[in-house]
Amino acid sequence: MIPAPERIVLVGLSGAGKSTVGPLVCAQLDAAGEHDWGFVDLDAEIEAKAGRTIPEIFARQGEAAFRKLERAVSREVAASGRIVVATGGGWIELKDAVAEMLHRSIAVYLQVSPEVAAARISAQGGGRPLVGGPNPLEKLRELLARRERLYLQSQHTVSVDSMSPDEVASYIVALATGRTRN
């Protein structure tokens with residue numbers, strides 16, 4: 001028998017919906033009788049630990065300092081069980097953190113087109129350091145070109161462009177519980 005996963009790790013581009021879908025996955029797991037699942041947004045945890053926002057960390061300390069914090073927070077979260085984790089878009093490039101977090105976990109790639117991601121980020125008011133500036137769509141395309149091979153190493157890929165957050169969450173719950181979708 002395959003052991004149940006300790007974590008469900010959501011990966012994908014900024015704007016894929018990881019932070020939106022994660023709490024919905026927890027709620028649906030609870031409704032399905034899979035109790036005691038928590039949600040952790042790595043970016044929110046990093047901000048809490050640093051006492052400043054991610055854009056402030058990037059502006060004052062640079063990307064290298066942010067990645068160091070991201071690695072440390074990821075290590076702390078990896079010690080927890082029964083959690084749904086929304087990772088940052090670049091977390092997938094932290095090879096050691098990824099290996100540690102994905103042990104006994106299900107990784108789900110929320111595959112979003114750069115166009116949809118850019119529209120979502122714009123609707124949320126921006127604030128994403130690596131995709132700011134005059135052409136966020138082009139930056140998202142560049143990031144996807146660099147990271148997609150890593151995202152695709154996830155056990156599961158869900159194309160989210162035309163799905164609602166609830167539909168994405170239902171799909172992930174079906175994957176995690178081994179139940180078929182209706």
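Backbone N, Cα and C define each Cβ position, glycine as well.
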Site co-member for substrate according to TrEMBL, given Asp43, Arg67, Gly89, out of Arg146, Arg147: Arg147
Inter-residue C-alpha distance, Asp43 (substrate binding site) and Ala16 (ATP binding site) (nearest angstrom): 14
Euclidean distance between Cα atoms of Arg147 (substrate binding site) and Gly17 (ATP binding site), Å: 17
Maximum Cα-Cα separation (Å), residues Asp43, Arg67, Gly89, Arg147 listed as binding substrate: 18
By Cα-Cα distance, the member of binding-site residues Arg67, Gly89, Arg147 nearest Thr20 (ATP binding site): Gly89
